[in-house]
Amino acid sequence: MSSGEQEQHLLGIDFGNGTNYERFPKPVISPLLDAVNTIIACLAVLGNGMVITVMLLRRRVFSSFTNRLILHQSIIDAIAVIMFFLHHVVIKSPHVSVSMKENINDHLVCRFVYSDFALWCVNVTSTYNHVVISLERFMATCYPVKHRNTLTKTKFKIVVPAVWIVGIIDNVPLLFVNEPHLGCCQMASLQSGWLYVLYTFPITVEYLVPVTVMIFTYTRILIMLTKKLADPGNAALNVINKAKKGSHKNYPDNRHHVSLVLDTHPDLLLSKLDGS
């Protein structure tokens, strides 16, 4: 057997016409890998569970648009790790087998369970919730007035189902990748055009778009914060604003407000005395 034939035999793919796909070799079941996956799942559930519990118990404190997105992110990640545990430790989806009948149940198992369809949907949803958080922080930093007037509870109710819809739609092509054959799930016979869509669409939606958006938003945020820190006028204004908030809350007398500003930032008085 030549090296090319050996490669085709190991991969189980007929490179001659691209239409005869045999199943890939199944990975070996490892108890050590199951233990590691279980530990990762437990730690992830514990961490996200703590965040969810604290934010739900202190709803008034964490009622802002940003905190609602963070709570949603923790819920998504908790669901994702539970799905990961079920697929790869309990069900062991890469090793799932089907009957020789190739009936509807077999097709459902191969297209939904073997392909990890639900897990990938949650993962993409998590990615796009991160994208929404980055866009929200971008608006809050660069366009604070528009952010305050635009992002309301109603918009949050639109954002949440939107990211889930993106996660589901992105993984629809995954349902056509695998099919039952001779008691196991194997890669379906697809034409070259469908293969192109199958690979380019998920790569674009899952990687290129999120990475591009987050690089743009966080770069703009970094530039804006750097400019604000470099402007000495902003530093003095921040001190005055903090003093005003503290004086209105704790010191109703304006004389206390003036003394607080001068005590916390005496160079303001010196600049006024110098006439600058």
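Cβ coordinates are placed from backbone N, Cα and C, and glycine is handled just like the others.
Computed from a predicted structure; not experimentally measured.
Residues or ranges marked as transmembrane segment in TrEMBL: 35-57, 69-91, 117-135, 156-176, 196-218. Look at TrEMBL and you will find 47-276 tagged as domain 'G-protein coupled receptors family 1 profile'.
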Comparing 35-57, 117-135, 156-176, 196-218 for Cβ pairs under 8 Å with the transmembrane segment (69-91), the winner is 35-57
So what's the mean pLDDT when you look at the domain 'G-protein coupled receptors family 1 profile' (47-276)?
82
